[in-house]
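Colleague: Mind looking over this structure? Questions follow.
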Amino acid sequence: MHLSLARSAVLILLLLFALGNFVGVQPGQITRDADHGINLRSLRKQMSRSPLVKGAFCGQACSSVKCPKKCFCHPEEKVCYREMRTKERD
């Protein structure tokens with residue numbers, strides 16, 4: 001099958017566009033809410049604090065109870081998870 005140069009260029013551009021939608025935006029790159037101008041970075045927790053990490057669960061819900069020391073409350077799941085940072089916060 002013989003494609004013209006223009007068809008090849010269009011096909012390459014479409015592939016780059018399709019791959020760009022999946023690869024181009026990483027989870028930590030979106031930092032500002034376009035509608036409200038809120039800095040979303042301050043609302044996000046690092047991806048390394050995943051509940052899939054062994055031992056990350058602190059063992060309690062945090063909807064009405066404060067999390068234990070070195071744990072944080074996940075805002076959507078309402079569960080306490082262990083801090084995974086190497087440096088402690090003040």
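Cβ from N, Cα, C; glycine included.
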Colleague: Of the cysteines CYS62, CYS71, which is paired with CYS73 in the disulfide recorded by Swiss-Prot?
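Modeller: Between CYS73 and the options CYS62, CYS71, Swiss-Prot records the bond with CYS62.
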Colleague: Helix, strand or coil at CYS62 (disulfide bond), per DSSP?
Modeller: coil
Colleague: Just the number: how many Å between the Cα atoms of CYS62 (disulfide bond) and CYS80 (disulfide bond)?
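Modeller: Their Cα atoms are separated by 6 Å.
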Colleague: Count the other Cβ atoms sitting within 10 Å of the Cβ of CYS67 (disulfide bond), across every protein chain shown.
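Modeller: Result for CYS67 (disulfide bond): 19 neighbouring Cβ atoms inside 10 Å.
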Colleague: Measure from the CA atom of CYS67 (disulfide bond) to the CA atom of CYS73 (disulfide bond) and give the result in Å, rounded to a whole number.
Modeller: 6
Colleague: How many Å lie between the Cα of CYS58 (disulfide bond) and the Cα of CYS80 (disulfide bond)?
Modeller: 5
